[in-house]
């Protein structure tokens with residue numbers, strides 16, 4: 001597609017769960033687009049995708065495809081980002097990468113615009129979009145940090161299968177139907193497609209997301225720990241994570257325990273600070289059973305926070321329930337927000 | 001049913017999810033039964049239930065029904081326990097009550113035999129069986145406490161719908177099928193049958209189990225907090241809980257953070273202590289993706305522990321994943337274990 005005004009964009013991984021939400025978000029936000037290339041692995045090349053009434057054909061990603069591209073949104077897996085992001089940068093593009101390939105690279109800003117937009121000033125071509133479960137947590141933590149300081153965070157996650165891709169969603173629904181039919185199931189993909197064993201996800205809770213590391217934590221848990229420290233720019237912040245996959249299509253939930261530096265904040269204080277926080281919608285009325293739910297977060301860009309409670313033993317300890325659409329704020333929406341921030345800060349010009 | 005040897009038993013709430021597991025456990029464990037009465041509310045009276053090849057008819061529970069009963073297992077809701085447990089005691093029965101009616105009563109021992117069997121010596125007729133999510137956690141905590149002392153516990157739960165009864169299981173499966181059929185759903189029961197609002201449980205995670213208290217915690221969360229302190233006999237122990245209902249039929253999972261009194265224990269030390277713990281099966285081999293799962297816990301009396309990790313910031317901090325069949329060790333099995341302990345300790349005689 002070609003318009004007279006706007007930016008020259010490429011979306012790499014356009015046919016995936018996140019890629020589709022990137023296109024939807026670009027359209028919904030009316031991001032100014034002069035030209036748009038949809039790129040993918042050879043497997044998906046040739047597929048047709050509709051965007052704002054036009055039918056676009058997905059092409060195989062190659063270094064040359066990035067000639068003339070100003071902003072390249074990558075979400076096609078870490079190995080493609082490692083291979084092609086430098087090629088895109090070499091040709092003048094700014095890469096916003098949704099994989100884990102560059103997130104902990106000191107040269108690469110890891111950005112959630114509500115939290116650390118200023119980090120974009122230091123970019124050297126590649127900007128990393130954090131892990132889905134990290135993004136929604138740091139959005140909730142940032143206003144608490146500003147008001148009271150942060151000392152310790154312990155999170156247990158309740159993560160949706162769409163974070164593992166569209167095939168994982170299909171596996172969950174197919175398996176659910178088989179169980180309802182009292183048929184045999186044959187897990188092939190979850191919890192981790194490339195790993196040795198696969199387990200039932202339907203009507204189950206699986207405490208493994210991504211592969212295990214030497215220290216007994218999963219890679220997803222280490223992502224949450226390391227990325228949170230980097231985004232909040234505080235290597236001394238104590239962060240622990242246990243990441244669990246659930247039979248939920250979309251919408252990650254998190255049970256978060258926070259210890260603040262300063263004590264004395266009441267639940268009301270904390271609710272006020274969260275309500276005023278950028279990107280947050282507070283849903284917290286126990287008396288009317290109002291709290292965030294995965295199912296009611298789907299399709300919305302907000303981070304929903306509720307169940308705010310004071311710890312009963314630790315004066316500066318609090319508990320939160322944090323929910324967001326993992327494909328939107330957790331991925332596609334945050335990536336497009338980064339593109340908007342680049343434009344707003346004058347870091348990319350038409 | 002009438003045998004020559006054994007004890008005179010009554011099961012109150014015999015038609016419920018827990019009641020059925022009580023009968024199965026009594027049969028599996030070959031508990032010595034001379035006579036067995038199956039009692040229930042008037043709604044379920046007249047139903048027929050098979051026990052060890054005999055067909056028994058459920059009768060309406062009334063004070064007179066407890067004449068001649070030595071052990072009465074109650075699991076028919078708190079109001080029935082409040083009304084009828086004292087009547088049973090008055091007639092000479094020892095009541096093992098699976099509801100929350102008496103759990104925090106100072107006169108009533110709250111017992112998990114692996115942890116505090118000795119508390120049975122002080123019983124005055126009623127013994128309380130703890131909340132399902134509490135039992136499995138204290139079984140895992142007890143050997144850690146013995147070896148290293150306990151300072152702080154923070155738990156986030158992943159609880160199965162059978163904890164809310166057989167109707168809740170039906171609602172989950174029916175709703176799942178409706179969603180797979182792309183039909184409208186009409187939640188009537190979960191998260192809490194008597195509460196004002198009802199939410200989708202299928203393909204969702206609902207952060208409410210039981211009703212909300214004044215302090216913003218749910219009653220389930222306060223049960224975990226208060227019962228854990230009582231069973232471990234340590235009112236100074238710091239306990240926090242966030243309780244979440246999942247679309248899982250049976251098997252509660254828990255993400256547990258523990259701070260011990262003594263530092264210096266390695267993950268290997270902790271695994272050794274857990275493996276030797278009564279009632280625990282350690283399932284903890286990240287290299288072969290071996291960890292406890294709700295689906296593989298069903299029908300087994302063990303508490304399964306895995307994902308043992310050292311906290312990366314707090315030297316005496318550890319993370320565990322604790323899973324058990326909520327109807328067995330979480331309810332029926334523990335109740336029958338209490339009956340066995342009463343016999344073993346000579347507190348009930350044939």
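Quick reminder: no glycine exception, Cβ is built from N, Cα and C everywhere.
When averaged over the domain 'Semialdehyde dehydrogenase NAD-binding' (A:8-123), pLDDT in the model lands at 96. Residues or ranges marked as domain 'Semialdehyde dehydrogenase NAD-binding' by TrEMBL: A:8-123.
Residues or ranges marked as NADP(+) binding site in TrEMBL: A:15, A:16, A:17, A:18, A:43, A:44, A:162, A:163, A:326. Classification of residue A:43 (NADP(+) binding site) by DSSP places it in coil, neither helical nor stranded. The Cβ of residue A:43 (NADP(+) binding site) has 9 neighbouring Cβ atoms from other residues within 10 Å, across all protein chains displayed.
Under the DSSP three-state reduction, residue A:103 (phosphate binding site) is assigned to coil, being neither helix nor strand. Listed in sequence order, A:110, A:128, A:130, A:131, A:223, A:226, A:227, A:230 are the same-chain residues at least 6 apart in sequence whose CB falls under 8 Å from the CB of residue A:103 (phosphate binding site). Look at TrEMBL and you will find A:103 tagged as phosphate binding site.
Using a 10 Å radius centred on the Cβ of residue A:132 (active site, acyl-thioester intermediate) and all shown protein chains, the other Cβ atoms total 29. Marked as active site, acyl-thioester intermediate by TrEMBL: A:132.
Among the features that TrEMBL reports, substrate binding site is placed at A:159, A:245. In this view, residue A:159 (substrate binding site) is surrounded by 25 other Cβ atoms within 10 Å of its Cβ, with every protein chain counted.
Positions annotated as active site, proton acceptor by TrEMBL: A:252. According to DSSP, residue A:252 (active site, proton acceptor) sits within a strand segment. The Cβ neighbour count for residue A:252 (active site, proton acceptor), using a 10 Å radius and every protein chain shown, is 29.
Checking each of the binding-site residues (A:15, A:17, A:43, A:245) against residue A:252 (active site, proton acceptor), the C-alpha distance stays within 10 Å for A:245. All protein chains shown were included, and the count of other CB atoms within 10 Å of the CB of residue A:245 (substrate binding site) stands at 27.
Checking Cα-Cα distances from residue A:43 (NADP(+) binding site) against the recorded positions (A:132, A:159, A:245) with a 10 Å cut-off leaves nothing; none qualify. Long-range Cβ contacts of residue A:17 (NADP(+) binding site) within its own chain (separation 6+, distance under 8 Å): A:162, A:165, A:166, A:169, A:327. When the binding-site residues A:15, A:162 are compared by the number of other CB atoms within 10 angstroms of each CB, A:15 has the fewest. Mapped onto three states, the DSSP output places residue A:132 (active site, acyl-thioester intermediate) in helix. Counting only residues at least six positions away in the same chain, the Cβ atoms of A:132, A:133, A:136, A:159, A:160, A:162, A:163, A:250, A:251, A:252 sit under 8 Å from the Cβ of residue A:326 (NADP(+) binding site). DSSP assigns residue A:17 (NADP(+) binding site) to a helix. According to DSSP, residue A:162 (NADP(+) binding site) sits within a helical segment.
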